[in-house]
Amino acid sequence: MKHYEANFDGLVGPTHNYAGLSYGNVASLNNAAAISSPKAAAKQGLKKAKALADLGLAQGMLAPQERPDLHTLRRIGFSGTDAEVLNKAAKQAPALLRACCSASSMWTANAATVSPSADTHDGKIHFTPANLVDKLHRSIEPVTTGNILAATFNNSRYFHHHQHLPEHVSFGDEGAANHTRLCSEYGHAGIELFVYGQEATNPNAPKPKKYPARQTLEASQAIARLHQLDDESSVFIQQNPDVIDQGVFHNDVIAVGNQNVLFYHEQAFVDTQKKLAEIQDKFNGKELHFIEVPTAKVGIQDAVKSYLFNTQIVTLPNGEMAIIAPTNCQENEAVYAYLNELVTLGTPIKQVHYFDVKQSMQNGGGPACLRLRVAMNETELAAVNPNTLMNDELFNRLNLWVEKHYRDELAIDDLADPQLIVESRTALDELTQIMKLGSVYQFQK
């Protein structure tokens, strides 16, 4: 039986904007109030996803969230018609309106944590949506995320969907952005690496001083329990608090893994050598490649600006690994030099492919942010909603859909335009028909 690691990319929503909502994310803050292009952003994302499908990889798409989120605005006291709710929020609480208009669900690395059937006791693929409690604009996503995941992976024989963790900072969970999996083959049992920023219940444990640690050890342990993982298939690693304070808000900004390769920065973790030894021990003597990037070659700021580690490492059909990198990596002298050297070092990584995802990058999300990885066998892949899998037909339909419904430009002041509600809902209603998702949105209930 064939085994794959499918990437499910987030489709950029119609309200993609630069509101600077993500404290701790340097790119997000630096581009606050810039004019965005929802149409360009969506097309850049689709182009990247289609390119991976054309490389022979399993590739799907996840639908965006409904924005503006009038349901949340009504929950916090704004009343009247939809237009009146929007108008009141714009005048009385513009920051809350911006939070309720974010298209941040496009970064599906934060949508959920996924454990494949090879690792779980019941032999099913487990999904737990991330609660994302650290950021208001993302904390309103999990319920709809769960709906979309259930409509995409819609066969209970193969897929087990959990509710998101309790909505409290002690269980702060940011999903797959703080999780990676090492294995010899996608279909073999692997080691799941859970990276956390702090221990919520231990006030004496190290934690960052400037920026928040969004993932807790307690959340990571809860996910491992829910997903029926045993101790031998789980490793819990603390991210270096110092790099969080330098803008490394998720682990996928400082490390990335694929099969038997862990690619990480020298400063990424606490107790690095001890944890690498634990991984090696649990890998039972099979070949592992730890690729450590020294600070002397790539500093933390260059890593963050270029998103060197927010790249995707994929295994091509010929068995070689390739890095899927943003063009920003080409534009950074130190990073570009390192990547050119990397492919000559005798590791499994032999190629680098560059993609323009600047609309996403300016909001603080690179190629790895845009995808949720799901390792599966051919039977499980066949059980996925076929209308969510990338091919020529879906690519063309979604591009036409974007062209029809998305604005070329969107300024922050445009978020108060009632017409944006109509445009967004019309687009999403049509999208649920294209992808055959059913009624996953609040306005469709």
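In case you wondered, yes, glycine gets a Cβ from its N, Cα and C as well.
In sequence order, N110, A130, L132, D134, R214, Q215, H250 are the residues near E174 (active site), counting only same-chain partners six or more apart with C-beta under 8 A. The feature active site is assigned by Swiss-Prot to E174 (among others).
Per Swiss-Prot, the feature active site maps to H250 (among others). Take the CB of H250 (active site) and look out to 10 A: across all protein chains shown you find 29 other CB atoms.
The annotation active site, nucleophile is assigned in Swiss-Prot to C369 on the grounds of sequence analysis. Within 10 Å of the C-beta of C369 (active site, nucleophile) we count 27 further C-beta atoms, all protein chains included. DSSP gives C369 (active site, nucleophile) a coil state; it is part of no helix or strand.
If you look up Swiss-Prot, you'll see 19-28, N110, 137-138, R214, D252, N363 marked as substrate binding site, on the strength of sequence analysis. In this structure, D252 (substrate binding site) is part of a helix by DSSP. Around D252 (substrate binding site), the same-chain residues at least 6 positions away in sequence with a Cβ under 8 Å from its Cβ are A109, A176, A177, N178, T180, F309, N310, A368, C369.
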Around the C-beta of A19 (substrate binding site), how many further C-beta atoms are within 10 angstroms, looking at every protein chain?
25
